[in-house]
């Protein structure tokens, strides 16, 4: 015993040293090695058993339990049965003897170790494992311990990790399911006993549900439940011990409910009991009582009581989240809704002492979250089922949800409730679409609730009604979606407004427009307060209170303009004529407001509080332009309705809008406002396309400004947008006009002069024999290239989907610039930033204008690129120029993707050199690099080469098909095909999951479209190599997220030759598997059933993978020299 005693002292001092602040990392590593070596010794567990019973040192106990955990989970198979019996007997005794004195984390770890033994040995070798747990629960002294054991068992056995065979996992689940009824009965008993013991009056269980009751239940869903008397009893004051037992019991239930099916085992009395405890979260009176009685030592604090409510709601939500509800359980579900709604009524009840909001503020935040989760689950999972019953009091439910939503104490809580309304509105919209006949009846049922919702959501986004809360919102920090808290708040609110608008357009419009009108009056009335001062114009509103009110009004106007813009889609299409007058009213107001802002230059005005009011004024102006832009599709429809008579009304709308835009296209205007004006101009040119646009003086003015070499250039983004608009005015066909009225000749001349002006400096860069390139600083040259190509690329990109005539004119104008680009390209091949921009330009040309460029010139471009991108140049770009260099190569490969997809024979002569470039030059450079750069583009190019040029590799003749039924095509260019397939195979051995997913999809597509897996060369030389690689990937768990896709791909490959798979491949695969013995291999083979349907086959694949890993784990854990029989 002395050696054990000595070892314990040594271990204690090592542990103390390890966790001491002064211990070096070097020494810590030495101690770690020492401890690991000790744990690996056979029989180390005996020392650990002694340590556990003899030490009070937490570190030593934790280490000893880790040794046991390792022994049981990794080495149990090799432990002699006598030792196993001893461990199974000693550890529970140790737990029983010390559970009251052990720190909770040590006790929980010891429970987990005992459950791990049960996971391996119950019921065969550890038959009393579960009986012991039940006995612990039933004995009052050990109830808490039994509940901890039960929860751990549910966690570890119902959803075990992968270190068990599939058969054992299934056996454990079945064993546990057999115990469910007993366990639920015990838990119900515990909760009821505690409740009854502490209740003022004795509770009687509710009547069991009888069939035929559901109609009454439905109509009374928001009335007091039959158990209301019970739910109205004062909540008992629990002592600490009882609260602890109840919280453990509820935690057990929540975990059990996460995996057991809904069935009669979940009795009405259990549900009612859970609801009793759910009241702990929402009964403020009881919390106050608890705090009054809190002076007595043994009473539970209000916070602890709140936690019981949270746990009970977790149980309810676990049941709610199950989509599949058996018929016999539906009644219970209705009872649950009834009882929860009863609690919701309690929470949202107004009385003198409490407003709803103050009551919600007093509740535990987690409890509110759980309640919101319940409502979300009710609407998303069960409303469809419940709402179809005519007895369901849907309006009362919405009233409750309304009160609950608009009294939320936090922004997050409010957002979550808006989500629920969004789900409800989506449900309603889809219901109406599927039952158009009942549309009126459905809408009438909900109309009042929806109008109320709309009004309240609109009030919530206005400072006029909600200033205190709105000012708390952060409008500076961007979240993951690149929006601020305020923007998110506004966006979510406007989504609800839009969804109501879709259902009730007239109501929504008549609610929103007057509110907008009020705020517009304030804005339009500012003109009278503008005075001229020495330095310009000043807004003569200085009183602090007036400034604050103006700030609020401007913020509200900005939000309401966004709301009006969001609703634009509900005025077009089939309803254009019916809602024309409303839309016209809106558009006229918007045109008036934008012109007003531009004319009196509110964006440049001096104000009393410049840091607040100036951004407000700029924002309103920008939002008015953006709202008008949202109506561009309506204007386009208006344009096509009036195109013959060009009614004055329409002409005025467009020309006034241009008068509002033109003054803003200036370097003196703030970017936010400038960009809003540019976007509106683009929409007029692209979406509306009125014939007379080009002749409006304001548009002429913009043309002159942009083509004037001496004018200051706008910021990049604005310059690109304005040039796009001007180009589109000249290039896009006018709607509803025949070809002979399109005035192409004059538009073509104008477009050529526009492009000529925009590319003047760029074309001058071209060296010529007469005037060799004049030296210009490199940075200046780069700037000209960047500025010109960004504009030209955008113009081409925006014309690429248009008519042939538009593209022809575009290319004629661009032709010289394109030739200059090709001439300049070799000079900049070592400047990767310039090459990147040039290749972007060429890629856009290839995608949009390759027909217009013509074959000879296109061939010249491709040949130039192929010559420039030598092996050395590619290596320099990929290996030494970082991300820009890689981007250059990726763009080049993208251009080649366009080339190989081109139908017809024109570019076929390039195929050999493109494949050679890929396989002999690019692939060797990137194959072994861990970085994913360039790989995705290269494999996409290889895939497109195969997909669009299948006959380059497989020549199929009609005669062959007729003669042999299924054509065994003639194979050509076999070495290239094999090399490409090998590259795909290699990519599956690399860690990059995105590349793996992409390439697996490519192979599957080639099989679906071209029967890749059936081709003789693939079938005979590659098929089972691919299956082998994919199986190994599953076994190594390196790409676990793609389990399902890999399983399907293995099935598709195996199904080409099932006989070969079962008879040859599978035995061969198992023979080659290391780490498993012959007997285990034969079990694995036997368990793989010869099913040929997809679900069974993939299930067999996953079973094989799981069990192979399990056997390896077991075998690794056996002591050296173990003889297995």
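Glycine residues also receive a Cβ, built from the backbone N, Cα and C atoms like all the rest.
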Field: phosphothreonine according to Swiss-Prot, picked from 201, 835, 1098
entry: 201
143, 204 - residue that Swiss-Prot labels as phosphothreonine: 204
Residue carrying phosphoserine as stated in Swiss-Prot, selected out of 208, 931: 208
Task: Run through the domain 'Importin N-terminal' (31-97) and tell me, per DSSP, how many residues are helix, strand and coil.
output: 58 helix, 0 strand, 9 coil
Field: Taken over the domain 'Importin N-terminal' (31-97), the model's mean pLDDT
entry: 89
- prompt: Per DSSP, residue 199 (phosphoserine) is which: helix, strand or coil?
  reply: coil
